[in-house]
């Protein structure tokens, strides 16, 4: 009884379709779900069995089951490794960013800068990030993401060193810091698209809401870590802390370059975007939409037939459109209905929400009799705890809705708008209940923002990668949506920073009212996606028993 295949031998698997095998290329172990089989260079699988060769199946299946367990564990290890490297590298960047915000009082005194100038620095950085994203967005899809991400971190470290030199040499020239922050924003343009697109290659769509929800906690934990560092090392000058954190960022850059695998194919895995059940849902939806004549928003004539193929030159499972498609340019991506809708949502919501969080400490400092504990830092902690919980919970709920993200985003926008309206008229009476209010706002606003940045963008990008075979656009899609968030944030910092001044509109009208309006209006672009996805959810629920 043999436990291997000799070269050139052809075997028959009578039940190969049930095992999940399709066509297997040379020198490669193909995995669908958790099924694996090692093949020699001249070994093939014939999906049409003959009666004379079925007697050889049993020993082969026994060996496959043994290898399957080992390879399944190896896959989980590779997924954990990729997630950990990207998580902690992203956390380090956010520690550096949040420390600048937290320690701005000490930095302000040290550099002899005005308080309002910090908003201009961050606004300039975000504007540069938007421009950089538009200019360089295709690089992440065209070249190796691991190398690009390493270069991005090295450039970011250079910008941190320039900030260190500004403090160490006591540079007080405003133009110097504008240059540094513009340089920093330009460097960050490709960071998040590379990070999140690599993660999306390692995890299928089914559980990405929950997994990416955990990943986005790196932003809030970066803030909390920055608070701890600033308090623990309060006796040390701020610029030494920035230099120390830059050293850690350099270690993460080396770890990314030498240890990170940007694609499962690099270590012999193929991870399908959709499970077999989800593919059945796709086919069922196509048939249901054709018979769904009461709603004109879904036209059967616009549907495209897809089929799954696999070649020796491309081990990854690909779905090719039945119609020949032209390459996707940046202009075409900007016109894509879902990309345009989510870009509009994140632009409007971030215009309001960034100002809410950015000027929160100034608001509480101006309301001396508002709370018994007059420390805005506690409110910021409450806000970030809510963000952590909201990102995980909202992402998980979106997974349960068959990976349709817009319904949970719509609910979050509506509830957060209602809370903001109550604050407009009653914030003088809320008192210490603001801790709970900030927890809820962080849960809802940052929760759905993180969902759009990570899950909505990757869902669209992966579907376009599958649909169009003329090149990947995953990182480009993420880059576009994130860039509009950066643009909205920069406008919000400038706009609301001015309107909230007491000599103009004050905090009631120039702060809370404008924030509420921007967040509420983001429902308009979201409605274009929600209408379609709500119909799809109804059709799935109605027809799921047939599957």
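The backbone N, Cα and C atoms fix where each Cβ goes, glycine too.
Taken from TrEMBL as is:
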- 82-534: domain 'Major facilitator superfamily (MFS) profile' (DOMAIN)
- 148-168: transmembrane segment (TRANSMEM)
- 174-198: transmembrane segment (TRANSMEM)
- 210-230: transmembrane segment (TRANSMEM)
- 236-260: transmembrane segment (TRANSMEM)
- 339-358: transmembrane segment (TRANSMEM)
- 378-396: transmembrane segment (TRANSMEM)
- 408-427: transmembrane segment (TRANSMEM)
- 433-453: transmembrane segment (TRANSMEM)
- 473-497: transmembrane segment (TRANSMEM)
- 509-530: transmembrane segment (TRANSMEM)
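When each of the listed stretches 148-168, 210-230, 378-396, 408-427, 509-530 is scored by C-beta pairs under 8 angstroms to the transmembrane segment (339-358), 509-530 comes out highest. Here the transmembrane segment (473-497) has Cβ contacts under 8 Å with residues 116, 119-120, 122-127, 129-130, 133-134, 136-138, 140-141, 145, 185, 189-190, 192-194, 196-197, 200, 328, 330, 333-334, 339, 342-344, 346-355, 358-359, 449, 452-453, 456-458, 460-462, 464-465, 510-511, 514-515, 518 of the same chain, all six or more residues outside its ends. The stretch in 148-168, 210-230, 408-427 that contributes the largest number of Cβ pairs under 8 Å to the transmembrane segment (433-453) is 408-427.
Across the residues of the domain 'Major facilitator superfamily (MFS) profile' (82-534), the predicted structure has a mean pLDDT of 83.
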